[in-house]
Structure formats: structure tokens, C-alpha cells
Amino acid sequence: MMTCEEVRIALGAHALGALDPEEAEEVDLHLATCEACGAELLDLEGVAGFLGKVSERDVELVARPPRRVLERLLSDRARRTRRGRVLLAVAASAAVLVVGGTVWTAVHGSQGGGSTAAAPAMADSARPEAATEAQRYQAGDDAARSAESANKAAPSDAAPSHAASSDPVPSDPVPSDPVPSERPERSASAVPRADAQPDRELRAVAGQAFPGKNAAKGYTATVTAFPAPAGTELSVEVGGMPSGTSCSLVVVGRDGTRDTTDSWVIDPARYPDKAVYRLETSLGMKDIDRFEIVDRTGALLVEVPGPR
């Protein structure tokens, strides 16, 4: 039985009815069981109809094009050949210029390097003479200073030894204990300034906690609110929720206003330690009705009643 590749090679002749009866029968048997080859035969049947419209004159034109068309094709090919030769010559000239410039730069650079290296060599040869002359002057100065020191030291032999020494006398050791400050310590009951920001301990005392629970799913949440000049600062602590849950806190006002704060993801590494998430809202403490903790899709996880 013929394969698909053999049948597709013979499909064109089969569509035109040019196959032998035996070969045509084998192709028909294959087409009866192969949908892909049958679909390709349907496409070729349309081509057979178009081929029936082709005349002998058309075939002659295809076999040998008119002289005018042939001359135009030959002239186009000659023009493309000349253009390619010109581009090749330009590319070769550019390559020669690049190579020549590189060689010229290398030659002049090596000459400049040689002259530069010669200068330090000359300088090094002149250094011993200069060093010898400097040593002579230094030796003469040392001898003169020694004689002058001997003349000055002769009449002052009776003076105490510590007076003749030019080293400074060490002063009394400074005590290592620091001098206590004269400023009084700040009392623990001192009232902080009005513009000072309370620390976490003071904020925890001033804040008000609101617990909430979803008994059906076992979720819990505690929202602690801290009055702030520009609204209310919030801290949220959740429990029972799966690690990796994306949460958002929605603050619902008494007038129906909904303020959605920043979202956070429950971190598996921090979740067992009861991590606290810091947020803030523009609503004041007295304007808050409740808090809603929702997931990424907006589904309610825990509802926490607000101030009453």
C-alpha cells in the first residue's frame, strides 16, 4: 500500500487523470482511509479547472518569453552585477584605509614610547651625582651643628639634668572618670512637647484595640487605632489565616465612606511570631464605624467593630 508521501507526489497527476489505472486505484484506496491526503486532493481539483483554460499559445510564451521581455531581464541583471562590483571595490578601499591607519598608529606609537622610555633612563643616570653632592653638604652641616652644641653645653654643666633636657615634663595624669554633667536629668514624669512623636510604648498605651473574629473559618484579627494629626494610625494583627494570604484593611466610616489602606501578604517566616502590620487612614477615630479585612478578590475575611 502506498504511503502518504508517495500519494501526495502522485496527487497532481491523479487530479489531471494522467495516472495509470492500477496506480490510480492504489491512490484511491489510500484516499479512502486518509483525510489529510483527501483534503489536499480537493485543493488540487480546483487547480485542474484553471489548467483547462490555458491555451497552447500561453504555453509557448512561458517556454520562451518575448524578445522585449528577455532583453529587459538581461539588462536588469547586468545592472545589478555592475552595482555589486562597485560596492565590492568601495569595501576593499575602506578595508585598505583601515589597515593602513592601524599600521601607521602602531609605528608612531612605538617611536613615541621609545623616546619616553629614554627620558627616565637619563634622569636615573643623573641621580647618583646629585645624591653625592647632597650628602657632602649634609655632612658639613652636621659637623657645624655638633661643634656649636659642644660650645653651648660647656658652661652649663652645673645645671640640673632635667633642666638641660629639651623634652617636656609630663603633666599629671588625667583621671579617666568623666566629669558628671551639670545638667539635671530629665524626670520620668516630664511632659513631652506637643510636636514630639510618641514612641511605640506611649502609642500602645494611648491606642485603643478592637478585636474581631470569623467563627466559621477560625480567623481572628485585632485592630489597634492611634489618634494622629492627619487621621488615624492603625496596627493590625491577624491569626488563623493561611500563610501567603494577601490582605487589605478597609476602614468604613459612619457615613458609609470606605477607605482602603495598603495591602500586605502574610509572611510565613513572621506569621508564627504574630507580626503586626502598620497602616494609616485619613478618617478620624470618631468617624470610624468598623474595619473589614478582605483578600485580594475583595472577599471578607474578618469584620472588626469600631469605636462606639
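For all residues, glycine too, the Cβ spot is worked out from N, Cα and C.
Positions annotated as compositional bias 'Low complexity' by TrEMBL: 117-131 (among others).
Here TrEMBL flags 146-169 (among others) as compositional bias 'Low complexity'.
Across the domain 'Putative zinc-finger' (4-37), the prediction's mean pLDDT works out to 82. Under the heading domain 'Putative zinc-finger', TrEMBL lists 4-37.
Per TrEMBL, region 'Disordered' is recorded for 110-199.
Residues annotated as transmembrane segment in TrEMBL: 86-107.
Helix first, then strand, then coil: DSSP counts for the domain 'Putative zinc-finger' (4-37) stand at 26 helix, 0 strand, 8 coil.
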